[in-house]
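Colleague: TrEMBL lists these features:
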- A:12-31: transmembrane segment (TRANSMEM)
- A:94-307: domain 'ABC transmembrane type-1' (DOMAIN)
- A:100-118: transmembrane segment (TRANSMEM)
- A:130-153: transmembrane segment (TRANSMEM)
- A:173-198: transmembrane segment (TRANSMEM)
- A:242-270: transmembrane segment (TRANSMEM)
- A:290-314: transmembrane segment (TRANSMEM)
Amino acid sequence: MLAFTIRRLSQSVVVLFVMSIIVFAGVYAIGNPVDILINPEADIAEQEETIRRLGLDKPIWTQYGLFLANALQGDLGNSFVHNLPALDIIFQRLPATLELAFLAVGLAVVFGVPLGMLAGLKPDSVVGRVIMTGSILGFSLPTFWVGLMLIMLFSVNMGWLPASGRGETVDLFGIPVSFLTLDGLSHLFLPAFNLALFKMSLVIRLARSGTREVLLQDYIKFARAKGVSDARIIGVHVLKNIMIPVVTVLGLELGSVIAFAVVTETVFAWPGIGKLLIDSISHLDRPVVVAYLLLTVTMFIVINFVVDILYSILDPRVRLGGAN
Amino acid sequence: MAAAVQDDGINPWRTFASDFAEKKLAVLGLIVFVALIAAAIFAPWITPQNPYDLNQIDFLDGRLEPGSVGSQITYWLGTDDQGRDLLSGIFYGLRTSLAVGAASTLIALVLGGALGLFAAYFGGRVDTLIMRIADLQLSFPAILIALILVSALGQGVDKVIISLVAVQWAYYARTIRGTALVERRKEYVEAATCLAISHRRIVFKHLMPNCTPPLIVVGTVQVAHAISLEATLSFLGIGVPITEPSLGLLIKNGFDYMLSGDYWVSFYPGLALLITIVSINLVGDQLRDVLNPRLKK
């Protein structure tokens, strides 16, 4: 077990290192930030001073070495645009994204599980088919397009919900959140629903196939024979058993919800880290782009690592299979 | 195999076609898709206006409603802020979208297919190395990989294609490896090996033709994914450049006017994107059912 953990951990570190090189070297090539950051009317001495201050005069490998040494100390450089530490800016925007992501996952479960169960209970009925067609559409339609349609329908035509921004926020333990005010909730609903659609389709499929499987089990037959009401069989016996895969998959998918938030945040002008990334790419704000990408990649590597370790505890075949 | 089929007097292509036609919706999808391809290819000849020729557009016709009669032509789907005919714009946008989707899928299919085939045939270290990279990549969501690459490579049609290839190759490598591992153990490969035929010939002439059907199915559905991902990147403003707008970029351009009620500037390009993706998916789903031997009666 220890050997497996160490091997898996060293693998994660290598991946992170390779990713940091790719991200740094790649982002270095976007363009010359000097052109944007320096006042075109500045004289040469002033220009050189700025270049030196930003460390842009050194060769790229030295820049990477410095970057790595600083990164290990939790310093990913200062934003060219905001002139604040890149990580601070990201952490400042992170609560908005997390709030959106968690609500999206919540919506995916709240809507997805009942719909999937309904489709599983009546797979050949019209309702079941409509739900499954809906989930196929949820899978194949681009998120930004659905977001656009939501804005067109609910914000422009009906005027029910606002189309952009976070609305009124309240501080919860010093972190501004939207979900505690009515105005904030109204701003939160459309983007969260938009972000939830893809995962909802996934949950519908999981719940549907789970329900169909569970219904054939002996304990369901036994419960029926015992005279347990249908409502209780579905609400307790079936529901509890299909939630295991749903919860596992959603835990795994939380990372990808945060990655996909880039699209939703851009559509709804939600001030989270996804919108920050897109703005920073267009402003060539390298440190912020690098910090965002590294942070997200690290998050994924950590999630994958934890999942692998958990699986190897639950199923020893995984680590034995990996050994040869 | 082919000889046996011909002895029965059955043309495999005809069987395939009639199996495919069993589902009317899939046939409709195919017709729509072919029509879209034709519209994209012949766009310069059939559109009422070349939206990128400044001599043909009139700035005063900006943001006209659908059906408006302009100074030269009728704008059936309205105009954008520059006074470009939206219908023509969509045809040209379809050109970029379909070209990027098809090119990236084709390159990824060839590259991923070859790598997966080598991995399965040679096994050992080659296999471990290739499949490890594929596994690693598939553990990140496609959008994240695309974001990293696009922010690294910068804008441009070629760069978007490179990103899409990098995102997609692993699917093909995995698919073909699974099939090839089964095929490799079959007698015809053993026979070919005994005849001392070169590795290259065995891989490409013997193994490959028997591994392609699942690859075609994955490829069809992936075209839709590629188009959708390209549209997303372009919508975010980090995809194709303004000089060669795709449907995603047209939607982005119109998005600013949506809140002021001029819905059509981004609605119709969005509708075109939707029709494209849905029609490809209909065809892909039916192809999967037809080519899947387990579902054969």
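Cβ coordinates come from backbone N, Cα and C, glycine included.
In TrEMBL, annotation is done automatically, which means it is predicted and not curated.
Map these features onto the structure and tell me what's around them.
Modeller: Long-range contacts of the transmembrane segment (A:100-118) within the same chain, counting only residues at least 6 positions beyond its ends with a Cβ under 8 Å from a Cβ of the stretch, are 127-128, 131, 134, 179, 188, 191-193, 195-196, 199-208, 210-211, 234, 238-239, 242-243, 246, 250, 253-254, 257-258, 261, 264-265, 270, 272.
Beyond the transmembrane segment (A:242-270), the same-chain residues lying 6 or more positions past its ends with a Cβ under 8 Å from any Cβ of the stretch are 96-98, 100-101, 104-105, 108-109, 112-113, 116-117, 143-144, 147-148, 151, 163-166, 190-191, 194-195, 198-199, 202-203, 206-207, 210-211, 214, 277-278, 296, 299-300, 303, 307.
Residues 1, 4-5, 8-9, 12, 15-16, 19-20, 23-24, 27, 67, 71, 76-77, 86-87, 90, 252, 254-255, 258-259, 273, 276-277, 280, 322 of the same chain sit 6 or more residues outside the transmembrane segment (A:290-314) yet have a Cβ under 8 Å from a Cβ within it.
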Colleague: Below 8 angstroms Cβ to Cβ, which residues of this chain, lying six or more residues outside the transmembrane segment (A:173-198), approach it?
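Modeller: For the transmembrane segment (A:173-198), the sequence-distant neighbours (Cβ-Cβ under 8 Å, at least 6 residues beyond its ends) are 95-96, 99-101, 103-108, 111, 138-139, 141, 143, 146-147, 150-151, 154-155, 161-167, 257, 260-261, 264-265, 267-268, 270.
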